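J.: According to Swiss-Prot, the protein carries these features:
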- 35-55: transmembrane segment (TRANSMEM)
- 60-80: transmembrane segment (TRANSMEM)
- 112-132: transmembrane segment (TRANSMEM)
- 144-164: transmembrane segment (TRANSMEM)
- 185-205: transmembrane segment (TRANSMEM)
- 209-229: transmembrane segment (TRANSMEM)
- 242-262: transmembrane segment (TRANSMEM)
- 274-294: transmembrane segment (TRANSMEM)
- 313-333: transmembrane segment (TRANSMEM)
- 359-379: transmembrane segment (TRANSMEM)
- 384-404: transmembrane segment (TRANSMEM)
- 408-428: transmembrane segment (TRANSMEM)
Amino acid sequence: MYERRHERGMCDRAVEMTDVGATAAPTGPIARGSVARVGAATALAVACVYTVIYLAARDLPPACFSIFAVFWGALGIATGATHGLLQETTREVRWVRSTQIVAGHRTHPLRVAGMIGTVAAVVIAGSSPLWSRQLFVEGRWLSVGLLSVGVAGFCAQATLLGALAGVDRWTQYGSLMVTDAVIRLAVAAAAVVIGWGLAGYLWAATAGAVAWLLMLMASPTARSAASLLTPGGIATFVRGAAHSITAAGASAILVMGFPVLLKVTSDQLGAKGGAVILAVTLTRAPLLVPLSAMQGNLIAHFVDRRTQRLRALIAPALVVGGIGAVGMLAAGLTGPWLLRVGFGPDYQTGGALLAWLTAAAVAIAMLTLTGAAAVAAALHRAYLLGWVSATVASTLLLLLPMPLETRTVIALLFGPTVGIAIHVAALARRPD
């Protein structure tokens with residue numbers, strides 16, 4: 001009797017997972033249709049992000065822009081950590097589709113994300129007297145409030161993205177990304193029109209945290225994905241997510257939170273710091289923003305090819321390397337002119353610096369790839385160790401007694417190689 005009930009439960013579960021994916025074409029994570037959907041959404045999201053940064057840089061003086069950039073970076077660190085929920089949810093949902101389901105506890109990822117987001121918001125707000133004065137030199141309490149609420153919202157948003165990726169709902173996945181970016185752009189545009197100043201851009205940075213609610217209200221497919229359960233209890237899910245969240249937080253320090261890292265390791269940023277931060281942001285965005293947006297595709301791809309860990313890395317790595325090579329050439333030849341024309345004479349940098357910063361972006365992109373492969377293989381400790389080691393190495397390199405531009409390039413170029421080596425070594429080991 002137990003075997004019959006167990007088989008019936010497995011069949012019911014399989015039907016449930018199939019129903020969620022039944023409304024769209026059966027395309028895989030790197031099939032042409034899937035990549036096209038996410039790629040188009042990413043292009044729109046990148047355009048919105050670039051426009052927000054452009055509006056802030058044009059509307060604010062360099063010294064004030066560096067204040068905005070530090071908040072943007074702090075939010076990036078916190079919300080980047082929530083990508084651990086995206087990764088773990090994608091992996092768990094994907095595994096449910098490709099492996100047999102045994103009887104036992106089930107977890108609702110979106111509810112867990114709500115609990116994690118609430119705890120994170122309370123911790124950020126409660127601990128803010130210890131660190132906010134040093135980090136937020138203007139608009140301190142507004143920054144703390146927006147950061148706390150924004151993180152709670154982005155926890156739920158990342159989990160919904162992970163569920164959509166796990167069941168190949170790439171149209172809704174892309175729509176959620178675009179909704180987030182468009183909301184931010186709309187608030188930034190309003191800040192320009194009404195002369196809101198720095199506060200307006202702080203609101204713009206966090207406004208996208210409500211996008212997941214709008215998606216749930218508008219899309220039955222999103223509601224179906226959000227209702228999915230994964231094997232194991234809450235403790236099992238949280239243990240796996242904890243490694244991913246910690247590692248994603250470390251990755252966010254290098255990817256989104258680098259202005260914060262510069263602030264911590266420098267006496268004063270000033271106008272020069274604002275120019276360097278803008279250069280770092282613009283040279284890495286063409287690679288890292290799309291790559292971050294396609295984390296769901298990548299993890300689903302690596303899960304599907306988990307018996308060929310290193311071979312599955314080759315094609316994405318070649319694409320990243322090719323784009324990076326073209327980007328280095330373009331940044332070196334046209335970057336200084338584009339900065340001068342687009343952002344004004346206060347933002348002047350040399351072509352060599354822009355080319356080297358683009359090379360550094362390639363290094364971080366490769367680390368992002370190997371990290372996604374490690375998550376897909378359930379190598380949580382290796383994933384965590386790789387990103388934390390890369391972040392520590394980059395931080396130490398930023399302390400070198402060199403000009404700001406030089407140590408920035410060295411830190412962003414060589415720090416990630418430590419993490420890449422750790423990830424590749426773990427992936428090279430024979431699966432158990």
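All positions are counted from 1 along the displayed chain.
Every residue, even glycine, has its Cβ placed from backbone N, Cα and C.
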J.: The transmembrane segment (60-80): which same-chain residues, six or more beyond its ends, come within Cβ distance under 8 Å?
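T.: Cβ under 8 Å, 6 or more out: 120, 124, 135-139, 143, 146-147, 150-151, 154, 158, 197-198, 201-202, 205-206, 248-249, 251-253, 255-261, 263, 269-271, 273-275, 277-278, 281, 346-347.
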J.: Cβ pairs under 8 Å only, please: of the recorded stretches 35-55, 144-164, 185-205, 242-262, 274-294, which one is richest in them relative to the transmembrane segment (384-404)?
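T.: It is 242-262 that shares the most Cβ pairs under 8 Å with the transmembrane segment (384-404).
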J.: Excluding the flanking five residues on each side, which residues at least 6 beyond the ends of the transmembrane segment (313-333) place their CB within less than 8 Å of a CB in that stretch?
T.: 283, 286-287, 291, 298, 301, 351-352, 354-355, 357-359, 361-362, 365-366, 369-370, 373, 427
J.: For the transmembrane segment (112-132) against the transmembrane segment (35-55), do we get 3 or more Cβ-Cβ pairs below 8 Å once near-sequence pairs (under 6 apart) are dropped?
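T.: Stretch pair does not touch.
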J.: Between the transmembrane segment (209-229) and the transmembrane segment (242-262), are there at least three Cβ pairs closer than 8 Å, leaving out pairs fewer than 6 positions apart?
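T.: By the criterion, they do not touch.
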J.: The transmembrane segment (144-164): which same-chain residues, six or more beyond its ends, come within Cβ distance under 8 Å?
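T.: Long-range Cβ neighbours of the transmembrane segment (144-164): 71, 74-75, 78-79, 82-90, 93, 109-110, 112-114, 116-118, 120-122, 124-125, 128, 132, 136, 170, 172-173, 176-177, 180, 202-203, 205-206, 208-213, 215-216, 221-222, 225-226, 228, 296.
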J.: Which one of these stretches, 185-205, 242-262, 359-379, has the most C-beta pairs shorter than 8 Å to the transmembrane segment (35-55)?
T.: 185-205
J.: Using Cβ atoms and a strict cutoff of less than 8 Å, what residues sit near the transmembrane segment (359-379) while being 6 or more residues removed from its termini?
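T.: Residues 87-88, 91, 240, 244, 247, 251, 254-255, 283-284, 287-288, 291-292, 295, 298-303, 306, 309, 312-313, 316-317, 320-321, 324, 327-328, 386-387, 390, 409, 412-414, 416-417, 419-420, 423-424, 426-427, 431.
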